[in-house]
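Everything on this sheet refers to the single structure shown next.
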Amino acid sequence: CCGFPLSIFFIVINEFCERFSYYGMKAVLILYFKYFLHWEDNFATAIYHTFVALCYLTPILGAITADSWLGKFKTIVYLSIVYTIGQAVLSVGSINDLTDHNRDGSPDNIALHIALSMIGLILIALGTGGIKPCVSAFGGDQFEDDQEKERSTFFSLFYLSINAGSLLSTIVTPNLRATECGIHTKQRCYPLAFGVPAVLMAVALVVFVIGSKMYKKVKPQGNVMLQVSKCIGFAITNRFRHRSKEFPKREHWLDWASEKYDKQLIAQTKMVLKVLFLYIPLPMFWALFDQQGSRWTLQATAMNGDFGVLVQPDQMQIVNPVLIIIMVPVVDYLVYPLIKKCKINFTPLKKMTVGMFLASMAFVAAALVQVQIDKTYPVFPAAGQTQIRLINLGVNPATVQFQPQLQSVDVAPNEATGYMIFETSKLQSLHIISAFLNKTEHLELLEGQRYTLAFKWSPLGINSNLILDNVTSKPEEGKNLIRFINNYPYSVNVTMDDMAFGALDPLSVSNYSIVQNQDWSFLIKASNPLASCTVLSKKFGFGGAYTISVDDCTKYILNVTYFEDIAPNTVHMAWQIPQYFLLTCGEVVFSVTGLEFSYSQAPSNMKSVLQAGWLLTVAVGNIIVLIVAGASKLDKQWAEYVLFAALLLVVCVIFAIMASFYTYVDPNEIEAQFSEEKKEEDKKDQDDKEKEAEADSRM
């Protein structure tokens, strides 16, 4: 088709579906851990990065299996089956109704959900990692040697399908997660968010198998990674056997493998090890980079996602692929040429150093954003303390004295104070004075709790109600807590859309109800047997708690007053864009350049070894994160961001020093030199054989 093997279209579609499946599942994974499995942030982060590390360790296993045993086609098919089963198991494990026998909205057997989720993730890691090194190489195998241009076009289409799949899934699956579904109770729809990627993976497998008869299947020819590993292993053991001084030293420790392996393999292995040595500091970059899906997504949950349309916290990850699409051509066709015109020798290793520095600055930016977020968090009472807030629902100003002689507070009509902290043991009573009337409220308070004292002046006296708020943390997932207080002189029944808050007596308060953040207002209705009044609510924002006073009715329009119990998220998600921009710029000059440098410094038959080494640095980087997340004693998240930024900055300096001692080589020249030597040896052997034959004929 148009000069291309028809089989490659099946491979491109397969890759699109597989990348949609992987990135779609991964986008919502950290929030699944936090909100469904109810793991605290550090543990959720550690498990997330353990999974990502596994995904980057298994490609080595997949490459060896494909090259040495099953071949690429069978490896892709078998591991895709494992992959699909893993996605399905994860989706089933996220079904709340699976163990919610009492129908209270929470799983009764959380251990079963955790077990299914972990089994699913292990199978997914084995599947996605195992096929990672096989699919692109299998696509390249479909072309003949004279189809270099078509092969290049295929790889462009292949990587376009990767970006398209990841971009689309990062938009779609967070929206699926944010919807509500369930048989008995409505919950965040994780089964759908994981189920759609599972279906896409099944489609990927079916599409790939359909093209089976069209594929060109190359038989396994052995894996060069195994050869290199055996060569290194033999050199080490041989050197250990000949460690006494009676054996002369050799120029390089790998030369101890010369008894078993040819000079060319040893020379190529030396070149590879030189590059792999430079890889040692690289995991620190990936330790920061892969936190986009964990720490940065968790950071976004405490931010305001109103961009005109509602943006989910896990959708902010889309900024990275969008910026990649923009920044790669800008850097290649504008930044690098400008640097070249300035006659600056911007070598690949210098580019990688700059990439590390930019990633470090991205985490400084993340820390600055986190400091602003922390300022919006409410302060809750510590042990031995109690908080009290006053709400004056009357038409007259009032003064409240905290006894015995702790402090005095003035409260204007229809106004509320902030929460005031007192030592529980010292606060005994409140004395309210308003319009020549007064009342004393004796207190029996619980430590570590918040209370609201609502009061109202009337000609017959001051009415008051001390309310236990029963809220000890800010609402999660951007949800809001709403309750109503009745400021009518008689009982009313209060509803908000389809949520019933019950019949409320004068000055009585409903329980808090969880309300999802939405782009529209709710219809508030207060009714009694004689009449009912309605009004549209204001938009509540993200992560706030409100007490709404139902005051009175004017021509069937309900008058309400809003009191803010917990401030909503005020730091906008757009403030994450600078840190994403810095990290993406770092990725462009680090990752793209790193692969280009590695390939330029490796022999043609050793590129797979360097690819394995590169993927291993990603795995180690994620292991660093899970160690820090598990062992960190830092109370503040901004401090952890600064710690990572400082570590990468130190590693950046170390890498710059290592890079300054590196000597660039041309593997093609070295291979050509060995080729010439081999020709000369072959010619010499041929001449020797001819001389021997001539001598034999004379005899």
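The chain as shown is numbered from 1 upward.
Each Cβ is built from the backbone N, Cα and C atoms, and glycine gets one as well.
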Among ranges 76-95, 556-575, whichever one TrEMBL labels transmembrane segment: 76-95
Recorded stretch that, among 43-64, 110-131, 192-211, 351-371, 641-665, has the most CB pairs under 8 Å to the transmembrane segment (76-95): 110-131
Listed stretch, out of 110-131, 152-172, 192-211, 271-289, that has the most CB pairs under 8 angstroms to the transmembrane segment (318-339): 152-172
Other parts of the chain folded back onto the transmembrane segment (351-371), taken as Cβ under 8 Å at six or more residues beyond its ends: 284-285, 288-289, 295-296, 299, 571, 575-576, 578-580, 582-583, 585-591, 593-594, 597, 636-639, 641-642, 644-646, 648-649, 651-652, 655-656, 659
Distal contacts, the transmembrane segment (271-289) - CB-CB under 8 A, six or more residues away: 228, 232, 254, 349, 355-356, 359-360, 362-363, 583, 586-587, 590, 594, 597-598, 601-603, 606, 609-610, 613-614, 616-618, 620-625, 628, 644-645, 647-648, 651-652, 654-655, 658-659, 662, 665, 667, 670
For the transmembrane segment (192-211), distant same-chain residues with Cβ under 8 A (at least six beyond the ends): 6-7, 9-11, 13-18, 20-22, 24-25, 28, 32, 76-77, 80-81, 83-84, 87-88, 90-91, 94, 169, 172-174, 176-177, 179, 181
Residues of the parent chain within Cβ reach of the transmembrane segment (152-172), under 8 Å, 6 or more residues beyond its termini: 4, 8, 11-13, 15-24, 27, 136, 139-140, 142-143, 196-197, 314-315, 317-318, 321-322, 324-325
